[in-house]
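Below is one structure, written out as structure tokens; the observations come after it.
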Amino acid sequence: MRALVLAAGKGTRMKSKIPKVLHPLSGKPMIEWVVETAGKVAQKVGVVLGFEAELVRKTLPEWVDVFVQEEQLGTAHAVMCAKDFIEPGDDVLILYGDVPLISENTLKRMIEEHRKGADVTILVADLEDPSGYGRVIQDGDKYRIIEDADLPEELKSVTTINTGFYVFSGDFLLRALPEIKNENAKGEYYLTDAVNFAEKVRVVKTDDLLEITGVNTRKTLVWLEEQLRMRKIEELLENGVTILDPATTYIHYSVEIGMDTVIHPMTFIEGKSRVGENCEIGPMTRIVDCEIGNNVKITRSECFKSVIEDDVSVGPFARLREGTILKKSSKIGNFVEIKKSTIGEGTKAQHLSYIGDAFVGKNVNIGAGTITCNYDGKKKNPTFIEDGAFIGSNSSLVAPVRIGEGALIGAGSVITEDVPPYSLGLGRAMQVVKEGWVLKKRKEE
């Protein structure tokens with residue numbers, strides 16, 4: 001089985017300089033949805049590109065065969081541009097880059113039906129308002145497809161529509177393509193004409209209108225996003241996740257969340273994030289591509305491409321940037337930013353700190369206002385803080401630097417050299433007290 005994805009259109013009605021198939025749906029480009037599904041049912045996948053072909057090509061896996069349709073002259077013309085992809089002894093599944101939610105199950109049903117001896121198998125659906133769609137007309141055991149623009153008045157009441165998804169026998173398709181003409185209202189080469197040439201046609205019906213919805217406008221894309229969002233929320237609710245306000249909760253379809261986790265309002269969980277069991281997330285929190293363990297609490301914070309182990313507390317108003325690893329039972333408090341750093345088990349950074357390019361051990365206390373000065377103007381340098389160290393408030397650790405196990409850094413210090421284990425590090429000016437100075441100064445004035 002081969003799958004050919006037609007994705008050459010510009011998408012004029014999207015009013016965008018970005019190719020239509022690259023517009024994201026629930027966090028990933030529409031074409032990525034289709035290619036992933038195609039790869040589950042077909043041994044080889046090809047894609048026909050057109051507008052901004054090189055830009056789209058960069059998003060595709062290396063195992064996808066790419067063909068280019070220089071001029072968009074219809075669906076059959078797009079398939080002709082990939083003629084070398086079609087093998088006489090193999091079947092070909094036709095998909096579309098702007099119809100992202102076609103399901104693996106439906107495609108498998110089509111393939112199974114097709115293998116009963118068909119030249120072509122069509123996916124159809126019944127719509128209350130079929131206007132704009134080609135109709136599937138049955139005449140005994142024969143089927144033909146008439147495009148909406150070419151439909152005679154007496155057939156406009158037919159509600160069975162052609163979704164555009166087909167499985168073709170490779171032998172039949174190679175014979176049919178040269179016979180297709182552009183003698184129609186739009187002057188294009190329709191793949192539906194190949195169906196009309198077929199002697200052995202089989203039909204599979206879908207009742208899920210989401211999976212056959214094509215995206216031609218931003219309005220449709222937003223509608224599809226909302227339908228997919230609510231479908232995901234319903235799935236999570238059925239599997240033991242509490243979502244306090246579905247209307248203000250945005251969770252990408254690829255996200256996984258464990259049972260007994262509570263999601264508060266205004267929470268965004270995106271990408272390939274995985275959240276464990278018995279967590280509390282939000283309110284007003286954004287999580288992107290994170291691995292989160294069990295019993296984790298994240299409040300009013302942003303976490304991006306980070307790993308958070310069990311029993312960790314984050315926030316409020318913390319920011320975890322890419323490469324952050326929070327070990328078990330660590331605590332990150334308000335207005336703390338962490339980047340490319342590992343925070344050890346039981347370590348606390350509760351207030352107003354920046355930790356970048358650092359390796360922090362177990363049970364370390366990071367005092368309020370601690371800064372790792374990692375950038376020297378040319379490169380980022382590492383800071384090492386070993387187990388049990390205590391960093392006093394308002395300290396600056398000028399990297400590269402190492403704070404030894406159990407060492408103590410006095411509040412207000414600027415540390416530029418390594419501090420040995422169990423040592424006191426001080427780096428501040430000596431305090432001067434002048435008794436009565438204020439009164440004396442006032443008399444002079």
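Keep in mind that glycine also has a Cβ here, set from the backbone N, Cα and C atoms.
If you look up Swiss-Prot, you'll see 1-218 marked as region 'Pyrophosphorylase'.
The UDP-N-acetyl-alpha-D-glucosamine binding site annotation in Swiss-Prot covers 6-9, Lys20, Gln69, 74-75, 96-98, Gly134, Glu147, Asn162, Asn216, Arg321, Lys339, Tyr354, Asn365 and rests on sequence analysis. All protein chains shown were included, and the count of other CB atoms within 10 Å of the CB of Asp98 (Mg(2+) binding site) stands at 23. Under DSSP, Asp98 (Mg(2+) binding site) is assigned to coil, being neither helix nor strand in the three-state scheme.
The feature Mg(2+) binding site is assigned by Swiss-Prot to Asp98, Asn216, with sequence analysis given as support.
For the region 'Linker' (219-239), the list of distant contacts is 14, 23, 25-26, 100-101, 210, 213, 246, 249-253, 255, 257, 259: same-chain residues at least six beyond its ends, Cβ to Cβ under 8 Å. Per Swiss-Prot, the feature region 'Linker' maps to 219-239.
Taken from Swiss-Prot, the feature region 'N-acetyltransferase' applies to 240-445, supported by sequence analysis.
The Cβ neighbour count for His351 (active site, proton acceptor), using a 10 Å radius and every protein chain shown, is 15. His351 (active site, proton acceptor) falls within a strand segment according to DSSP. Residues or ranges marked as active site, proton acceptor by Swiss-Prot: His351.
DSSP gives Ala411 (acetyl-CoA binding site) a coil state; it is part of no helix or strand. Cβ neighbour count for Ala411 (acetyl-CoA binding site): 15 (other Cβ atoms within 10 Å of its Cβ, all protein chains included). The annotation acetyl-CoA binding site is assigned in Swiss-Prot to Ala368, Asn374, Tyr375, Ser393, Ala411, Arg428.
Least crowded of the binding-site residues (Leu6, Ala368), judged by neighbouring Cβ atoms within 10 Å of its own Cβ: Ala368. Nearest neighbour of Arg428 (acetyl-CoA binding site) by Cα distance, taken over the binding-site residues Leu6, Gly97, Glu147: Gly97. Of the recorded residues, Ala368 (acetyl-CoA binding site) and Glu147 (UDP-N-acetyl-alpha-D-glucosamine binding site) place their C-alpha atoms 69 Å from one another. Here the region 'Linker' (219-239) has, by DSSP, the following mix of helix, strand and coil residues: 20 helix, 0 strand, 1 coil. The Cβ neighbour count for Gly9 (UDP-N-acetyl-alpha-D-glucosamine binding site), using a 10 Å radius over every protein chain in view, is 21. Over all protein chains present, the Cβ of Glu147 (UDP-N-acetyl-alpha-D-glucosamine binding site) has 18 other Cβ atoms lying within 10 Å.
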